[in-house]
Structures are given as C-alpha cells and as structure tokens.
C-alpha cells in the first residue's frame, strides 16, 4: 500500500511517499517559500542526492499538483500512474477536544477541524488547504487526518486545566492541549519495541527537543502530561519561544514597552528563547560555536535551555511515581550529545546511570546511552512522524 503523507504549512508543503506496512520511503521532499517570490521544490533522490526545482507556486493546490507531477516524472519520480497512490495521510495540527484519534477525512471532519481554527489560526487553515488540493487533484482517493493534539486527550482534567476562572475557560476552550503528539507517540512505542517492554505497563518520559520542544509523561500507554499547553509556547525554552514565563511579566512589559497583544505574541514566539537570551541565533549549532569563542550570553542561553529540560524530567518522574525509560528525540535530542549529558548528569538519585562515552559518539540513530546497571534506560530514538501518519492511514483504511 502506497501512502502519500502531506504536511502543509502556511508557506511550505512537506511530503513523503511510503510503501506500507514496511515503511520504505519511496520519495520525499518539500515545497518552500510557497506564495512568495522564488518558490521551489527540494527533493531527495534515492541515492541521497538533493535536487532543487524552481517553480512559481502562489498557493497550495499548485504546490501539491507540482509535487504529484514530480512523483510521476521520468527523471525524478517513482510511480507511473497516480492510481498507484492508495491513500493520503495529512498532519493536522489542532483537533481541540473534538478528536482523540486519527480519522478518515469526511465533510463532517473538515467542518470540525474548521471549528478548531481559532485555536490554531496559522496551522489549521494551511493543513486543510492540503486536503482540498488532494480532493481536487486526486478525486475519490481516501484521506486520513492525524492530529498533533489527539495523543494528549487522555490527560486528566487536573492536568489539562489552567487555574483560571472555570466558566471563562469553558466558554473559550482554554485548556492545555499539547503538541508534537505524533512524535511522542511514535518514539515512546518504538523505545518499548526496541527494549522489549510492555508499552501498557511502562512509565516513559519523552523529550522531543528541536527548534520547538516539548516533554511528555506517558504512563501505561497513555499520555499523562506534556509541557506544551494551549499554544506551543508553554514549557521548555525553545529556539525563539520563551517557554514558561510569569504572566505578570507580560502585563508589565505591555505597559513598560507600550505593547499590544500582537506585540506580546511576537515577543514570546519569535524574539525570545535561545535567540532572545543569546542575541546570537536560535540555532544551537551556532550557539555552540559562540560558546567556543567565549560568548557569555550564548553560554547562559545553553545553560538555561538544558536546565529547563532537566527540571521537567524530574517533575514528570515525580508525577508518574518514577520512570522506566527516558527517550531523547528531535533535531537536538537526536544529535546534540552535550544537551543529553547535561540533562542526565547527577541524576543517579532518580535511577539514571549515564554512559558518557557511548553518548558522545551517538548522532541520529537508535541507541541506548545509559549503562547496563541503570534502573532507568536512557535511549535515543529518531522520530518518524511521517511513518506514524502513514501507519495510522493504513490501519484506518484497512
């Protein structure tokens, strides 16, 4: 079964064509600068070669049409007919309280996703444009929606509620939803598969650490807690997002700096985090270079970044009454050994006995990085959200 996975953003469309159930990647790439001058499609050939194809793509339907044409292209493609594509799976960011599982997309589902647009005004409309494009270009093909938020619908009310007026929160749908759910679901299940553990009887902390970042507590197969809240700003310090901050600071800055709501939103989403503290970059590779050159603010930013992760790991271990497995994933979690080491150092009281030597040589592959005597297994699992979306698509449509 060939499943095309689409992740449509406001100015990008990422795609992957997978042969299921094996999960073999037949084609992958993405459109960038969608709707802007100089838009292009960047694809990865089977031999690993990167190819850039420039084309004016003012909107999503044209972008998806170009992706489909490249999939069938004699030089760059891997299929002879669109009929070889059996189904399309979409990343849908926000399902609110309406979706606790992945679903086949119907007009009723689209209407419910549209009702969630106020919760994700940038993401949901773009996600739906991908659905509409496929309906137009591949009429009759079945489509499945996989929600970032669905995995966290198992969080109990005392976890997802904010300590704000009860009726006001209900009126506006204000609560913690969590994000990166597809990634947390994949790496937690995959870690148990690698380690031979029963997923439904294991306490797992998953750290999805990239430019956006979140930590989740998963107990006996269900999400108990996650650091991201109603929006992807709560929790950990991120590339440009602040993470946890005293709300009183924001009202203070509104008055002190003359900021309106839009200005505060830009401040905490785009000007804070590692970039805001360091003044250098949101990219941790550039931060590490700055640290080597003696930049004190870069050092401070990195120390804050690692400390926040460590603090959440301890909190979630307490929330679950202990932890059996700690998983690192995401661009930083998979590739930056220094952050993993800082998080796991001096954690013997919690049962973590870290293997620094194994950790230092580990980048981007599945590997246990704790010592055999460690009560908590620390493991790196590269995330594969596209495989998870394709897997859900296959399961639902079969």
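Along the chain as shown, residues are numbered 1 onward.
Placed from the backbone N, Cα and C atoms, the Cβ positions cover glycine too.
Residues annotated as Mg(2+) binding site in Swiss-Prot: 7, 385. Among the features that Swiss-Prot reports, ATP binding site is placed at 14, 208, 209, 210, 211, 212, 283, 284, 285, 331, 332, 333, 334, 335, with the record citing sequence analysis. Residues annotated as substrate binding site in Swiss-Prot, with sequence analysis given as evidence: 91. Taken from Swiss-Prot, the feature active site, proton donor/acceptor covers 148. Taken from Swiss-Prot, the feature site 'Transition state stabilizer' covers 180, 241.
Neighbour density around each Cβ, counted as other Cβ atoms within 10 Å, peaks among the recorded positions 91, 241, 285 at 241. For the ATP site, whose binding residues are given in the record as 14, 208, 209, 210, 211, 212, 283, 284, 285, 331, 332, 333, 334, 335, the maximum C-alpha distance rounds to 24 Å.
The Cα atom of residue 7 (Mg(2+) binding site) lies nearest to that of 14, taking the recorded positions 14, 148, 209 as the candidates. A count of other CB atoms within 10 A of each Cβ picks out 385 as the most crowded of the binding-site residues 283, 385. Cα proximity to the residue listed as 'substrate binding site' (within 10 Å) is found for the following binding-site residues from 211, 285, 385: 385. Here residue 180 (site 'Transition state stabilizer') is positioned 10 angstrom away from residue 209 (ATP binding site), judged by their C-alpha atoms. Around residue 334 (ATP binding site), the C-beta neighbours below 8 angstroms that are at least 6 residues distant in the chain are 328, 363, 364, 380, 382, 383. Between the C-alpha atoms of residue 332 (ATP binding site) and residue 180 (site 'Transition state stabilizer'), the distance comes to 15 Å. Cβ contacts within 10 Å of residue 7 (Mg(2+) binding site), excluding its own Cβ and spanning all protein chains shown: 22. Of all Cβ atoms in the protein chains displayed, 25 besides its own lie within 10 Å of the Cβ of the residue listed as 'active site, proton donor/acceptor'.
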